[in-house]
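Everything below concerns the one structure shown next.
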Amino acid sequence: FQGIFVLGLPYALLHSGYSGLLLIVLAAALCCYTGKILIACLYEENEDGQLIRERDTYEDIANACCKKLSPNLGGIVVNVTQVVELIMTCILYLVVSGNLLSHSFPYVPVTEKTWSLIAFVTLLPCIFIRTLKIVSKLSQLCSLVHFVIIFVVLTYCLTQMHEWSWAKFRLSLEFEDFLVSVGVIIFSYTSQIFLPTLEGNMKNPGEFRCMLNWTHFFACILKTTFALTAFLTWGEKTKEVITNNLPSFLETLVNLCLLTKALLSYPLPFFAATEIVYSCISKDNHSNYRSPLLALTVRGSFLLLTLLMAMFTPHFALLMGLSGSVTGAAMTFLLPSLFHLKLKWKKLSILEKCADISVFILGLLCSLAGIVCSIKGLLEVFG
């Protein structure tokens, strides 16, 4: 729940003001709710009224909802959305890597895009990752580095408490900037694609709802605390990646730690995306799926795609807002509420139906508005 993209939350507060604090809390509550209803879609009651886990993945839920139209239509939609979200995450890691390197070595006559290319070279070994074991070890190191970064930033902000002022919060908001902030906040909470697997591997799946409540509660507290203290420290000078606001003696150190985290984080979404593609290919042609040449081709293509997108879209917050508005909103709000209504309609109370419909409508509006505003912002940057 606490990824590298939490570093964009202070910038989101810059454009959303007091409403941004409410959004962080509201997003946590809604994501927790949709996580619960998504897991509920994995289960069906047997003749004795006991809940039996009949589905294992997000794809299975989607296929069950769309089986009258097409047996695999729902799964295709979910898989495409998941792959897009994972690839966008990889792109963001490259974008932020170039940004961090350019700020860490400002006197080196190299552009941010070139720095992204240099970071990309270090990721080429990802082509040869075949198992999750290697990825898990990298993720453990990544988590350790992340806590160090957050600790340093918060410690510095607390030393500047004497300069804090609530007057830094904006009362009047630019609607388009506000919607981009919505996408950033949503993207920082997205985790639904991992929940079915997580619940299925829990020692006591019955404790899943309790676990979800506590993790979202603590994630909300940590995100709010971090975003608030950082914004109160720098106010209108808050940058897209908050570590770039640190004084030079800390900025280089923290940015290099953050760069390490970004590069260590990249293999997980990259591996997950390629695994989804592999599983789809294996259904159609099992022999080709086992081909080492095909595996290298797919991984190489994915690597190249993330590099090209990072080179053409070198703006962390706008890209993060677009990702949150498109795939984040779909996987987190739209699909879980839609699937829950479809599979559980007859068993839901009126209040539960209203809650699902409200989440769907809210997610749809935020998604459409965020897409338009993020794309407009990107077009203005390119112009």
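Cβ coordinates come from backbone N, Cα and C, glycine included.
Record features, source TrEMBL:
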DOMAIN    1-375  domain 'Amino acid transporter transmembrane'
TRANSMEM  20-43  transmembrane segment
TRANSMEM  76-95  transmembrane segment
TRANSMEM  115-132  transmembrane segment
TRANSMEM  144-166  transmembrane segment
TRANSMEM  178-198  transmembrane segment
TRANSMEM  210-233  transmembrane segment
TRANSMEM  253-281  transmembrane segment
TRANSMEM  293-312  transmembrane segment
TRANSMEM  318-339  transmembrane segment
TRANSMEM  359-379  transmembrane segment
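Of the candidate ranges 20-43, 76-95, 210-233, 20-43 has the most C-beta pairs within less than 8 angstroms of the transmembrane segment (178-198). Under the criterion of 3 or more C-beta pairs below 8 Å, with sequence separation of 6 or more, the transmembrane segment (20-43) and the transmembrane segment (210-233) qualify as touching. Put simply, of 76-95, 115-132, 144-166, 293-312, the stretch with the most CB pairs closer than 8 A to the transmembrane segment (253-281) is 76-95. By the Cβ criterion (under 8 Å, sequence separation of 6 or more), the transmembrane segment (76-95) is in contact with the transmembrane segment (293-312), since 3+ such pairs are found. Sequence-distant neighbours of the transmembrane segment (144-166) (same chain, 6+ residues past either end, Cβ-Cβ under 8 Å): 2-4, 6, 222, 225-226, 229-230, 232-233, 235, 242-243, 246-247, 250, 253-254, 257-258, 260-261, 264.
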